[in-house]
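Visitor: Next up is a structure, given as structure tokens.
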Amino acid sequence: MTKRKVLVTGFEPFGGEALNPSALILEQLAQPEAQSRLHQAGVVLVTQKLPVVRRSAIEQCIVAIEKYLPDMVIMLGQAGGRPAISFEKVAINLDDFRIEDNAGNQPVDEPVVTDGPAAYFTTMPVKAMVQAVNGVGVPAEISYSAGTFVCNHLFYGVMHYLAQFNRNLSRSEQSDLHIRADFVHVPFLPEQTMGDGHKPSLTLTQMTEGICAAIVCAAVTGDDIRSQGGNLH
């Protein structure tokens with residue numbers, strides 16, 4: 001069985017929250033049950049917690065990529081208010097922070113990368129991953145907007161870096177590594193919605209189960225499946 005190394009990142013809490021489910025998922029993925037399941041699927045997992053800080057999030061993720069040289073990078077982040085695990089389809093070259101990041105940065109209509117392309121599409125089989133997550137009973141969906149805060153900032157910055165990294169590797173006869181990446185938003189935890197029963201949430205167990213299913217799917221899937229997944233608005 002071919003081994004696939006997967007780097008999964010999560011964020012620290014932000015915006016006054018006491019916790020961030022994306023970071024807690026990293027801890028759960030390190031537990032024996034999740035590790036056993038991933039190992040059986042040929043996945044070698046490495047994780048990295050990132051700051052909710054412009055520039056620093058990208059820089060620290062790139063350091064982890066260069067350290068581990070993974071086959072795939074799955075970046076996790078919190079999207080309070082969403083009802084399902086959301087697999088992002090596109091990253092845009094725009095920073096427009098509605099709130100300050102954890103270092104007080106609040107750019108308005110600035111590019112993530114000066115003179116970079118307008119957008120990058122994910123290089124992972126996100127429709128197949130959504131199908132796999134739904135298959136274990138966890139709500140999942142395709143998203144066509146990762147926002148304009150640090151989540152999209154990280155997604156775009158990493159995709160921009162990998163576009164150059166993979167291009168340089170393709171010129172080398174010494175490596176066949178081609179790193180794929182996607183950003184995945186997860187909902188609030190139930191304890192984050194206390195006092196507001198109208199906000200959707202998923203348990204940490206559900207989220208971890210869903211992310212495990214997505215990782216396993218990505219490890220064995222090349223081209224994405226063809227299925228309807230777009231939005232009308």
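Think of each number as a place in line: the chain as shown, counted from 1.
Cβ coordinates come from backbone N, Cα and C, glycine included.
Straight out of TrEMBL:
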ACT_SITE  E88  active site
ACT_SITE  C151  active site
ACT_SITE  H185  active site
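Show me how these features fit into the structure around them.
Guide: Under DSSP, E88 (active site) is assigned to a strand (E or B) in the three-state scheme. Around E88 (active site), a 10 Å sphere centred on its CB holds 25 further CB atoms from the protein chains shown.
Note on C151 (active site): other Cβ atoms within 10 Å of its Cβ, all shown chains, come to 24.
Annotation for H185 (active site): spatial neighbours L76, G77, Q78, A79, R82, I85, S86, E88, S143, A146, C151, criterion Cβ-Cβ under 8 Å with sequence separation of six or more.
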Visitor: Need the DSSP three-state call for C151 (active site) to compare against my parser.
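Guide: Once the DSSP labels are grouped into three classes, C151 (active site) ends up as helix.
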